[in-house]
Each structure stands twice: as structure tokens, then as C-alpha cells.
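According to TrEMBL, the protein has these features:
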type	residues	note
DOMAIN	230-487	domain 'GP-PDE'
TRANSMEM	41-63	transmembrane segment
TRANSMEM	88-110	transmembrane segment
TRANSMEM	122-142	transmembrane segment
TRANSMEM	162-184	transmembrane segment
TRANSMEM	196-215	transmembrane segment
TRANSMEM	500-519	transmembrane segment
Amino acid sequence: MVKHQPLQVYEKQVFVSFVTGIYGCRWKRYQRSQDNSSRWVCTWFILLCSSFLLLLFWAYFWLVAQNDFNEFNLSVYNRSGEWRDETIPILASTIVCFSYITFLLILALFHISLGQQLNLYWLHKIGVLATLLTTISGVVSVNDIWGDEWGILLISLQSTAPFLHIGVLVTVTAVSWLVAGYVVRRDRTSKYFQVMVLLVYIVTLLAVYLAPLTFTCPCIMDRDSLKPRPDIIGRRGAPMLAPENTMVSFNRALQQGADSLEADVAISVDGVPFLMRDRTLRRTTDVSKVFPARQFDDASLFNWTEIRSLNAGQWFLESDPYWTVQTLTSRDRSRIGNQTVCSLVEMLRLAARANSSALLNIRRPPSEHPRYRSWFMDTLWAVQKAGISQKRVTWTPDTDRGRVRGLQQAANEKLSMEEISRRGITSLTLHYTLTFVFFFSFPREYLANNVSVTVYPVNEPWLYSILWCSGVPSVSSDAPQVLRKVPYPIWLMSQNAYKFIWITSDLVSFSIVIGIFCFQKWRINGMQNCNPEQIMLSAVTRQSSRDVNIMKEKLIFSELNNGLSSTEELSLYPENGYARYSHGAGKS
């Protein structure tokens, strides 16, 4: 019988301790295990991945939805009656949760790479569940309040798809390191599961390689095919720089290069057309202070004298809806603070002086209104009084078209050419979500028949660029000061150039994946061919006692080659850190 008493030396693995400690609160070596993770542990990893993917979708949605943040706040205002910028807490919580889940996912991938069990700490489990449930509730709430906004995701992909494809390709290629390390292991108990993982990965990789075949990107085109730059219409003026539908706002829009002006028109009880977007005067005036008992009344139920007595600029300075007040000078703030509700005549006179045109969204008054039957005549009188050419005024309501002669007729819905000709319509004003549903097949027919198309609201350069590449002639924007800084589409690429980038990136990715699988196969085979006893005995390294932890283990085994017995002890000299064997004879 031969007895071995080796000293087994363990090095301090700082990185492994950091990873397992933060992820699972397993700071000591004996708490870690390289055994296969249980199904319950794998379930938490799946929940972590699900939370990450959902948050990635959620963060991307709010990134592209910046174009309509004001529309979202207005939707919340119409429900609650109080104006607040609800996007700030949503964005802040999204950034915090996404950073937290991404950090945990990175630690989990390190666990897989190092061969450690995925034991998620109970506190992190609560955080993952809370994040997942909060994100799901947010998606449900947005779908209820702002369900029409989901269409911007498909539209944004027509601009970002080529770049997202490269990002996904890099990610899938990097994941091959983990997949290869798992698949090439010689583990008979999980052979079936290894084959399934390999098949899923191959299918995913092929789908990513062929994804560009499904892309429809307007900006992948030759430069010679690019249409002229779309005209910019100041939607309610320049509401990010001054209160909407006020004279200072329309002046700012013209200063920022707007080619035309758009306004919302209502009719007072004494027949004066004035500019107001909301049904009531609560949000954009001080009606709650001047007429507190009537603050919830329809704006058109006030006479012009009462409307003119209201302040229409102080709310902008107080609420700062676009976070732009701090950029204004003291002179601008003083001028804005003294703004009153603007009449239609004042706005049209400004457009006439600037040799510009006007797009009017006229709201028909309620049935109890004294001007219910003559509102269109009041509007025509205001146009004539302003002295602007009727050919420069576009009329958008879809009622009483037969009585309105001379003005340009517009519609807010997609129509066939037969319907457009029958109604005498000369232009379409469409939301960008409707535009992308059919714009790739209809614009030539519209332009050939002198039917103009205006898309709204367009506030972000990426959306303006993709509409430019699509051939849209004009856009209506709350941010003309932003779009004026886009002299050319953000990106433009020819078909041949994109095909070259696509095929080259796929070939490079395929080569890297094959190389990773070969390297992992070679590495695993090399590890499995080593003698475990040799690995144990060679664990003693030439390091000081401060850098290593020493544990004694007794190993007893039988030697069948001879009948002798002896005791072999391994001792460690503290002065130099080297190990030696000492032999002692004895009878069994």
C-alpha cells in the first residue's frame, strides 16, 4: 500500500472571484463549481436574456420615437389634464434598467466562458423580475395610450437596417466562442442537447447572413436618382423656439428657413378665425386665471375680445415643453411672455409679406355654435382681408368643398387618383406612418398628376433623410431649425457598394466562426489528453506564500505491480517555496 500526502496549491483567481461574487455572491473558491447548471438555474438565465431583449426593443423604440415626444406628452395631457414631460422618467428608468440587465448578462456570459455555474444571487433575481414586469407594463401602457406609434419601428428599420445588420452579425459571430466551447466538449449525457444548440446556431447564422435580402432601404440608391430637397413647412410655426400658433413662432419659422407655414384654425362666437390647436384654452393660455369658471369650455365658445385678453406665451416659459427656454435671451423671453392669441389674418399677412404659402387645418365649430353654418365664409373673408393670393392657401377640411373656390384643396387620407380628381383635391397631407405603407408605389402617379404630398410630423434628421430619399416633396415639422441643418441625407449608398459590404462582412464572419470552432476543438482535445495527476502535482508554482493558498489532501491508492508498501510524503520548504518528496518504509 502506497500513501501519498501531496500539498495541493491553489492560485488566487481574482477575476473569477469578481465575476462569481457579483453575479451570485460566491466569493470563495469552495463555493464555485464547474458542474453543469441545473434547469432552475438555466431558467433564470433565460429570464435574464428575455429581459435584455425586451429592454433592447424598449430602448430602441424610445430612441426613434423622439420624433413624436410632444405628441406623447399631448396624449397624456388629454387624459390627465396636467401638462408634464412624461418622457423624462421613462428615459431615465430605461437607461438604468438596461445598464443593469446588460451588466448581469455580461457576467453570465463570463460564467459560461469560464465553465462556472450560473447561480444568480437572490437579490439579482428580484431585480430581473422587477425589470421584466416593469417593462412589460410599460409596453402595455404605451400600446393603450399611444398605440399608433408602433409604426415608427418599421419605418426606422428602413434607415437603420444596414447598420443593425452589421451589429447583429458581430454579436452572432462573437457568440460562436461560447457555442463552440459547449459543442466540442465530450459529454455523452448532453450529446443530444449539443446537437440541438449547434443546429439552432447554424440556422440563426444563416438567417443573419441572408437578412439583407429582405431589406427595403430608400437611401440605398445612386446619387443621380436623388430627388430635390423636400420643402419644410413650419408646423404651428417653430414651437420648439416659441409658443405654438403665435406670431413670434411663425416669425421664427421663417427665420429658420421654412418654405411655408401651417396653422390650426378655430372660429370664435363672433366669427373671427383664430389659431388654436386644442379644444380648450387651458394648456396654451392663462384662461384658468382670467376665466376660471369657463376654463373647460370649447375655445370657439369665447368671443374675440375675451380670447385676445388672454396671455398665450407665459405657459411656454413656465412649462418649457422642449427644454429650450434656457437658450433664449432675456429680450426673447420678454417678447414671448407678452404674446397673445394670434388671429388668422395676422398669420396670413405675415406669410404674404414673406412671399410664403399657408396650410390651414380648420376645425369646424360645434353644432351649438352661432357660426356653425357660416364658418367657411368667415375663413374666406379672413383670407381676402389678409391680401394673400388664394393659390398660396391650402384648405384641409373635407367639408363644404363645393362652396370654397379658388383655394387649394387638401385631404388627410390616402386616396386613389379617381377620388382625388372627383373631389378636386390638389395635395395630400399624410402622417408618416401612412406614407410608408404605400409611398413606394404611389408617388410617381401623384406627381405625374400634379398632386403634392406633405408628410407630418418630421422632426428628426433620420426621418427627414429617408423621406428625402423616398422622393417626398415637402414635410411639416415642429423643428425647422433642426432640419435646415440637413443639407444632404445622413447616409446614401449605391446598390453595388452595399452588396460589397454585405458579402464581405458575411465572408469575414464565416471565416472567423470556422476558425473559432477549430481552435476550440484543438484546445479541448489538448486539455482532455493531459494526466490529471500531473496537473495536480505541477500546481505548485514558484510564488511567495502570500500569493497562494495551500491545502493538504491525503490520497491513498493501491499499487498492484509489487507487494511492497511505503509512505511517501510531500513536504514544502517555506524558505524557498519548492516541494520535495520524503520516503518512509513501513509494513502493511
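For all residues, glycine too, the Cβ spot is worked out from N, Cα and C.
In TrEMBL, annotation is done automatically, which means it is predicted and not curated.
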Recorded stretch, among 41-63, 88-110, 122-142, 162-184, 500-519, maximising Cβ pairs under 8 Å relative to the transmembrane segment (196-215): 162-184
Contact ranking winner - 41-63, 122-142, 500-519 against the transmembrane segment (88-110), Cβ under 8 Å: 41-63
Local confidence of the domain 'GP-PDE' (230-487) - pLDDT mean: 89
